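Since the structure comes first, as C-alpha cells, the remarks are kept for the end.
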Amino acid sequence: MVLTLLFSAYKLCRFFTMSGPRPGADRLTVPGPDRSGGASPWWAAGGRGSREVSPGVGTEVQGALERSLPELQQALSELKQASAARAVGAGLAEVFQLVEEAWLLPAVGREVAQGLCDAIRLDGGLDLLLRLLQAPELETRVQAARLLEQILVAENRDRVARIGLGVILNLAKEREPVELARSVAGILEHMFKHSEETCQRLVAAGGLDAVLYWCRRTDPALLRHCALALANCALHGGQTVQRCMVEKRAAEWLFPLAFSKEDELLRLHACLAVAVLATNKEVEREVEHSGTLALVEPLVASLDPGRFARCLVDASDTSQGRGPDDLQSLVLLLDSSRLEAQCIGAFYLCAEAAIKSLQGKTKVFSDIGAIQSLKRLVSYSTNGTTSALAKRALRLLGEEVPRRILPCVASWKEAEVQTWLQQIGFSQYCENFREQQVDGDLLLRLTDEELQTDLGMKSSITRKRFFRELTELKTFASYATCDRSNLADWLGSLDPRFRQYTYGLVSCGLDRSLLHRVSEQQLLEDCGIRLGVHRTRILSAAREMLHSPLPCTGGKLSGDTPDVFISYRRNSGSQLASLLKVHLQLHGFSVFIDVEKLEAGKFEDKLIQSVIAARNFVLVLSAGALDKCMQDHDCKDWVHKEIVTALSCGKNIVPIIDGFEWPEPQALPEDMQAVLTFNGIKWSHEYQEATIEKIIRFLQGRPSQDSSAGSDTSLEGATPMGLP
C-alpha cells in the first residue's frame, strides 16, 4: 500500500532527523516521493517541489502528522473494504473528522492538512471518492461530496480536473437536495481556482448555470459557496469567462447575495465577485447596470476587517486564510482603476494580514508584491476607506506607512517634490532636483532628455522606472485648479491611463470644446503624447463627442424613471426584495430599490421622487412588514410614507406576500388602509419562475386594484388583502 510505504519512509527520515543535524546545516532536507531532494518533507511540500520550512514549524508539523497519519491510514483501509452503505458512511465520517481537525490547527494547519490531503490522493482515496459520488445512495453522495470539498488542495484539484470533472458536473445537474448542493457548490468553488482552462470547461458544461440557479435559494452556507464560486470564477477564468458570466447575468444574481442583511461574509464574497467583473473593461458597463457594484464601497466602509478575520479563522474551511496564489489575485485588484476593486481588495488583504500575522507568515505579502501596491494606495488614493484599510494592513505586516501624496501636484513646491522622490525610492537624485529647483509644474512637464542631461539620470532603465512612477502620479493627480472643462475625467473615461496627458493638454490651453480641432502632430509635439495609438483614440473620441451632448442633469431623466419601485421592510424583506429586483430586471423591467447609498439629507426626497416616477409599486409584505406602520399617525415610518405616496399618485400597487399575517384594517392609519383593497400574490421560493410570471401579468395588466374587498377580479392564486 502506497500510504504504508510513505509512512515508513517518513518514520525513517524522522529517526535520522532526531540524531541531530550535520554541522552547518540550518534546514531539514528530506527526499520527496519523486526521489529528488527537497527542503521539507513530502507532506509539507505538497508534491510541488522543495521549499524551506523553519525548524520550529517543521517539528510541529511532523508531530501532528505522526499522530494523524496512522489513524488516516486505518480509516482509509476500512473505507476501502466497506460494502454496506452504513459502513461507508462511518468511514467517510472518520476521514472527514481527521481532515477537519487538521485544518483547524493554529499556525500549522495548512501544512498538516496538506499532508493528509496528499496522503488520501496517493493512497487512492481521491479516486475512491469520485466513485462514491456516483453511488445510488443519496447519503453516500452527500458525505463523499462533503469530504471531497475539504481535501481539494492544489494537487487534488489537478487530479479532479483530469479525471473527475464529469462526475462533479453530473452532481451539479441534480440541483437538489440542499445538503448535496452545499458541498457541490463548495467543490465548484475550489475547482474554479484550478486554471483558466478548467474554468472554461466548467462554464461550458453547466457548472456556472448551477451556481447561478442556487443563488435564488435561502440556505446561508449554500449562498456563501455560490458567492465564493462566482468570485473565483471571475478571478481565475480570464476575460472570456468573465464575458460569459456577464452574458448569463451573474452580476445581477450577485445582487441578492450582496444585499443580504443577515450574513456579512456572504455580502463580502458577493461584492468581491462583482468588483472583479467590473475590472474587465469589455463588460464594465453591463456590470454597472446591474446595480450590484453600488453596494461594494458602502459595505466595506461599514465593516471591520479584524472582525472579518476572526470569522474566517473560526470557520474550518477558511481557518488558514488564503494561499499565495489567491492572495496574488487580490493584489491585482489594488492595481485596478476601479474604486470598488481597490476597496474590496484592500479589505480582504487587511483581513489576510491579520491572519498571517497570527501565523507568523507575513513574508508572503512581500513575495507577491502586495507591500508596494498597499503603499501606493496610501500615497495616492483619494478614498478614505481604501487608504485607511491599506494603512492598517501595512501596520499589521510591520511595514512603514508612507505619507499621503497631496493630489494637487501642479501646485507642489520643491519640498513636496523632494518628499515624493524619497517615497518612490529615488532619494539619490534629490540633490539634483533641488539644484534645478524642480517644482510640481516642472515635474509634470519633465522630458526624458531633461531627466538625462539636466538631472543626471544616466541609466535608461532607471529613467524608465522613474517615468513609470511619474505616470502613476499623473494618473492619480487632481487637476481641478487648471482643468476647467473636466478634461481629466473625460480622458479617464476613455482609458484610466489617459489621465496622465491632462496637464500637457491644459498647459497648451486646450479644453474639451477645442480638442477636436487639434491635429495628431500637435498632440505629439506640443502636448507630449508620444504613443500614436493613444493620440488616435483621443482624437477619435473628441470628434465623436461633437455628435453627442455633454452630460447634464436633464440627460439622466430616463435613468431616473423606473418601471418598478420595490418597497420592503429591511429586517425581514430584503432578500425577497433583492430577488424580485433580479427577476424583474432579467425580464426587461427597470427597477428602483433603496441600497442605502442615498446622499445625506436627500434620503426622503430621493425615495419619494422615485415612487412618483415609477409606473408600478411592488410592496413586499414579509413577516411584520406593517408593524411599524401601526400607530404611526405622523407618517414617520418609511414604508408608511412610500405606501401613502403610491396610493395618492394612483400607482399600480402589487403586494407580494411572504410569511405575512394580515392586520385588522383599523390597526393601520387611515391614510394607508386603502392598500388592503389590492390583491396580493403569495411568493413561492420553490416555484419562483411561475410566481414571477404572475407578478409580470399584474404589472402589465393592472389587475390588482379592487374597489371592494369582496371583488371577484383577483387572479387565481392571488390573495385578497384584508380578508380572512
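Backbone N, Cα and C atoms are what each Cβ position is placed from, and that goes for glycine too.
Feature annotation from Swiss-Prot assigns region 'Disordered' to 24-56 (among others).
Residues annotated as repeat 'ARM 1' in Swiss-Prot: 60-100. For the repeat 'ARM 1' (60-100), the model gives a mean pLDDT of 85.
Residues annotated as repeat 'ARM 2' in Swiss-Prot, with sequence analysis given as evidence: 114-153.
Nonlocal intrachain contacts for the repeat 'ARM 3' (155-193), taken as residues 6+ away from its ends with a CB within less than 8 angstroms of a stretch CB, comprise 46-48, 117-118, 120-121, 126-127, 130, 133-134, 138, 141-142, 145-146, 148-149, 199, 201-202, 205-207, 210-211, 213-214, 217, 219, 221-222, 225-226, 228-229, 232-233, 235-237, 317, 325-326. Positions annotated as repeat 'ARM 3' by Swiss-Prot: 155-193.
Annotation source Swiss-Prot lists repeat 'ARM 4' at 196-235, citing sequence analysis. For the repeat 'ARM 4' (196-235), the list of distant contacts is 157, 161, 165, 168-169, 172-173, 175, 178, 181-182, 184-186, 188-190, 241-242, 244-245, 248-250, 253-254, 256-257, 260, 262-263, 265-266, 269-270, 272-273, 276-277, 326, 329, 575, 579, 685, 688: same-chain residues at least six beyond its ends, Cβ to Cβ under 8 Å.
The repeat 'ARM 5' annotation in Swiss-Prot covers 237-280.
According to Swiss-Prot, the repeat 'ARM 6' annotation covers 281-314.
Here the repeat 'ARM 7' (315-354) has long-range neighbours at 100, 103-104, 109-110, 113, 149-150, 154, 186, 193, 235-236, 268, 271-272, 274-276, 278-279, 284, 293, 296-297, 300-301, 303, 305-306, 308-309, 362, 364-365, 367-370, 373-374, 376-377, 381, 383, 385-386, 389-390, 392-393, 396-397, 492, 496, meaning same-chain residues at least 6 beyond its ends whose C-beta is under 8 angstroms from one of its own. Here Swiss-Prot flags 315-354 as repeat 'ARM 7', drawing on sequence analysis.
Swiss-Prot lists 359-402 with the feature repeat 'ARM 8', giving sequence analysis as the kind of evidence.
What Swiss-Prot lists as domain 'SAM 1' is 412-476, and the listing cites sequence analysis.
Taken from Swiss-Prot, the feature phosphoserine covers Ser548 (among others).
For Ser558 (among others), the entry in Swiss-Prot reads phosphoserine, with the evidence type a large-scale study or a structure entry.
Annotated NAD(+) 2 binding site per Swiss-Prot: Arg569, Arg570, Glu599, in sequence order. Long-range neighbours of Arg569 (NAD(+) 2 binding site) (same chain, six or more residues apart, CB within less than 8 Å of its CB): Val620, Ser622, Gly624, Ala625, Lys628, Val639. In the three-state DSSP scheme, Arg569 (NAD(+) 2 binding site) is classed as coil.
Residues or ranges marked as region 'Disordered' by Swiss-Prot: 703-724 (among others).
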Determine which residues of the chain contact the repeat 'ARM 6' (281-314) at the Cβ level, with the cut-off under 8 Å and only residues 6 or more beyond its ends counted.
-> 239, 242-243, 246, 249, 251-252, 254-255, 258-259, 264-265, 267-268, 270-271, 274-275, 321, 338-340, 343-344, 347, 350-352, 354-355, 358, 383, 385, 389, 392, 581, 585, 591, 593, 595-597
Other CB atoms, at most 10 A from the CB of Arg570 (NAD(+) 2 binding site) | 13
Taking helix as H, G and I and strand as E and B in DSSP, count the residues of the domain 'SAM 1' (412-476) in helix, strand and coil.
-> 47 helix, 0 strand, 18 coil
Given the repeat 'ARM 5' (237-280), its same-chain partners at Cβ distance under 8 Å and 6+ residues beyond its ends are 192, 196, 199-200, 203, 208-209, 212, 215-216, 220, 223-224, 226-228, 230-231, 286-288, 290-293, 295-296, 299-300, 303, 308, 311-312, 332-333, 336, 338, 340-341, 343-345, 347-348, 570-571, 574-575, 577-579, 581-582, 585-586, 595
Residue counts (helix, strand, coil, in that order) that DSSP gives for the repeat 'ARM 5' (237-280) = 34 helix, 0 strand, 10 coil
